[in-house]
Protein chains: 2
Amino acid sequence: MERNYNFCAGPSTLPEAVLRQAQAELLNWHGLGASVMEISHRSKDFEAIVTQCEQKMRSLLNIPENYKVIFLQGGAYAQFSMIPLNLLGNNTRIDMIETGVWSSKAIGAMKRYADINIAASTKDTKFTTLPEANALNFSEDSAFVHYCDNETINGVEFNYIVDNTPSPVVADMSSNILSREFDVSKFGVIYAGAQKNIGPSGVTLVIVRDDLLGKADSKMSDVFNYELQSKNLSMINTPPTFSLYMIDLVLTWLQNQGGVAAIEQVNNAKATMLYDLIDKSEFYNNPVAVNARSRMNVPFTIVNSELDPIFLAKAKEQGLINLEGHRSVGGMRASIYNALPLEGVKALCEFMSDFEKQYG
Amino acid sequence: MERNYNFCAGPSTLPEAVLRQAQAELLNWHGLGASVMEISHRSKDFEAIVTQCEQKMRSLLNIPENYKVIFLQGGAYAQFSMIPLNLLGNNTRIDMIETGVWSSKAIGAMKRYADINIAASTKDTKFTTLPEANALNFSEDSAFVHYCDNETINGVEFNYIVDNTPSPVVADMSSNILSREFDVSKFGVIYAGAQKNIGPSGVTLVIVRDDLLGKADSKMSDVFNYELQSKNLSMINTPPTFSLYMIDLVLTWLQNQGGVAAIEQVNNAKATMLYDLIDKSEFYNNPVAVNARSRMNVPFTIVNSELDPIFLAKAKEQGLINLEGHRSVGGMRASIYNALPLEGVKALCEFMSDFEKQYG
């Protein structure tokens, strides 16, 4: 088989139809006699791509008019600094919820800029649970509340929106944006690295409510100033043009799948199938509380961890690749983003059943 | 013809052989059953790409061991802020040379961080000359000296290295790096957006002498901290993986051309051919002093500017595209980077001669 089922956590699998289109027009895009990556970002042809990326994202996520949609560089990691530099103003406090590796990294970065109030932490459960929605201890004077909606490494996903907060909510949705419907208007800022559900790596999506603009630190580069970038079609500097082109194709693909509501049904079916297999088995295990489980990233272990390398090698033979767990936790992880088809999860479940019969 | 000769100033033309290889393996790279843009940046396969990019860059530019080579995001524009944030320490002064639009933008950005001493400016000649090497007024207490080695918009290129300065020299080589041999050891920092001679957009090359590290501003994101990125193979955050893959292919292509010394000969031949035609003509004009002319970006005008749109339309019919001058200056501009072949400049010169015969 030319293409494997690729469970990589990111950069992750892309829709095959998108890759085939990119391949077909790689040397001659739109009859220009040049690749899309060889034309000026200031050309009408390329500006249309960025405009379409914004419009399709607005349509798919039902983003209200009073939100800006921008595409930046530097990954979600850079946003850990850019968010305080854009939003703090004279405020000196941030409320943060800790539910896994990525929200912990955000805390480590943001504490350079402000006093951090930990509104809740699930560290005591080794990040296998969610905090109770009514047990979040917000301060009254914070600039914003930060949380990570889906923890890629820990396999934990919020099953509620953090709401009724004294200050605007900022959410890292890198690994679950576009995977389910949600109400954008509940948020001040939503940000996401592209390399899971949006496209290839190199682009960071930022959705920001316009009343939060205007407080950017004067020492920050214009390139990371939300207000300036939103006024300049995200092109104060030369953007990663090929990545944006790919995003445009991925968003079109998602529209053709029926949009976010339709892909959410598929995502639920995929996750249910995989968790059911794990839960019915004495051989596989997932450590996360049922109500905290991610529909995107499913970490699992085999009771006898000596079987891990055999499992991974045999899975690869079957065309099921990149199932290694994160280097910090070991075991296995199946990332089942939008572009990983239902058939891929079926194939994985069949393989896991067979493997259990042989080695269990 | 499927491919035109593309004179775009950036993102600019890429070697056709590179695009053909990328096209062939776009859905299945190295037999992985996945695209290179669908695999983890932490995988051995991908880390090898970044390591090769560094090694090839070191080899092509003969970079000494005491320099770090890193690949960042945000473009040269972001470096206008990252350079002071990485290098200033307790210093409060920067020496800057102004020779065109890009060095002026750098001054505008860097003055947020320090007092700027303009060591020289050619603004009075409308950026058509170079400052005399012995007439640069450096301060004794600056953190560094900044200049732009090739001004993409103005078509001005230094014909000497700024040397014998009291503080380390920082050079923006976005539009002429890898186009000619030069002595890296004369510089403290060299930086370049990739989208001219290195690869597609989305990556910024930074070459930094290691004794300049260790002074980074604590409020800066780790993602832009030269020292931290150099210790982490430029992968503190997820890099733009496809762009780095393309850079690896472009650098291999350049090695196959015979390296920088060989491409320099071709570049000189291309520039000489085009400037000779302009200088021998009463019909075309280039405003830049002969000793200040860029070998990469050749802006030119037609005496009767009403002919500009006719020139551009007829050139396009002949497969000579993206010859429009920068929106700030008008006229025409031929960017003739490494990947624009000699045959392309020959075709342009033939077209220009014919056009002059018809309309001159």
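Cβ coordinates are placed from backbone N, Cα and C, and glycine is handled just like the others.
Small disclaimer: the values here were computed from a predicted structure and weren't measured.
Annotation source TrEMBL lists domain 'Aminotransferase class V' at A:5-348.
Residues annotated as L-glutamate binding site in TrEMBL: A:ARG42. Look at A:ARG42 (L-glutamate binding site): DSSP puts it in coil. Long-range neighbours of A:ARG42 (L-glutamate binding site) (same chain, six or more residues apart, CB within less than 8 Å of its CB): A:MET235.
According to TrEMBL, the feature pyridoxal 5'-phosphate binding site maps to A:TRP102, A:THR152, A:ASP172, A:GLN195, A:ASN237, A:THR238. Within the same chain, residues at least 6 positions away in sequence whose Cβ sits under 8 Å from that of A:GLN195 (pyridoxal 5'-phosphate binding site) are A:GLY10, A:PRO11, A:SER12, A:SER201, A:GLY202.
Secondary structure at A:LYS196 (N6-(pyridoxal phosphate)lysine), taken from DSSP and collapsed to helix, strand or coil, is coil. What TrEMBL lists as N6-(pyridoxal phosphate)lysine is A:LYS196.
Counting only the Cα atoms, the space from A:THR152 (pyridoxal 5'-phosphate binding site) to A:LYS196 (N6-(pyridoxal phosphate)lysine) is about 10 angstrom. Among the residues A:TRP102, A:THR152, A:ASP172, A:GLN195, A:ASN237, A:THR238 said to bind pyridoxal 5'-phosphate, no two Cα atoms are farther apart than 30 Å. Sequence-distant neighbours of A:ASN237 (pyridoxal 5'-phosphate binding site) (same chain, 6+ apart, CB under 8 A from its CB) are A:GLN73, A:VAL223.
Residues from the set of binding-site residues A:ASP172, A:GLN195, A:THR238 situated with their C-beta under 8 Å of a chain B C-beta: A:GLN195, A:THR238. Once Cβ contacts within 10 Å are tallied over all protein chains shown, the recorded positions A:TRP102, A:ASP172, A:LYS196 are led by A:LYS196.
A separation of roughly 13 Å, to the nearest angstrom, links the Cα atoms of A:LYS196 (N6-(pyridoxal phosphate)lysine) and A:ASP172 (pyridoxal 5'-phosphate binding site).
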